[in-house]
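Peer 1: Mind having a look at this structure? Questions to follow.
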């Protein structure tokens, strides 16, 4: 492991973010899928359209139980001779069990990858990637492994231990730091993730998957589709994921409860998905909340008042 090479980067709220960082993503992992039936098998399991996914594209998706509750949220892309599903490590053993449940009937091999995952962030990261790849696509194969675009300021590199020495020798321009900076970019882009504390609790729309092209409403049947479709066409979904800011004494964790104001009282309002705490206590968090709250609703976490921050996208699914 390369963890000692990636120290903590201490940032305050008003600090400018580094324009090029590289981090080892120890809290993330890949499920890989190979075999003759991989496409048809995965198509019948997940919310996104696997069949139409081009070789050089990446998409968000979710894997649900029969009632439409999410086991995982992932980003899917082609890798080596199959597919890779990039997702949170804490929930990956549960997800592996669930995604393999019907695999015995198909020619497909599903496993957790032991590849090294590196996160490239910042405006200059793409410049470096452009210099070391022969493509301008969102998924690129290079001598170091597979690069996949996670957001406008985040790229994932799936690599192997034998490549790290040469790779590190070429990263003198980058700030090497721990993966908290990756989390900060992820939160600023309001990208959902699913840790084990949130497994099997929410439907995809509660984490905004429809807003980031993570649900296909035109594909054929998949597990949980009936609930997901009802949420769209009958309006049964009552939750969404929002971006909040406030002051915290300690880093909030996935699954933490956040309160909301009801008149002069407080009651449980929602659940933290992810959070980043700056050194000065200012904190950004993604939280699942009711989607019909009044504009003047206040929020409370760790005895501090929090407020909504505008999302970088709309919650429509068109």
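From the backbone N, Cα and C atoms, a Cβ is placed for every residue, glycine too.
So Swiss-Prot lists these for the protein:
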{"type": "BINDING", "residues": "28, 182", "note": "folate binding site"}
Peer 1: Could you tell me which three-state DSSP class residue 28 (folate binding site) falls into?
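Peer 2: In three-state terms, residue 28 (folate binding site) counts as strand.
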Peer 1: For each of 28, 182, count the other CB atoms within 10 A of its CB; which of these binding-site residues has the top count?
Peer 2: 182
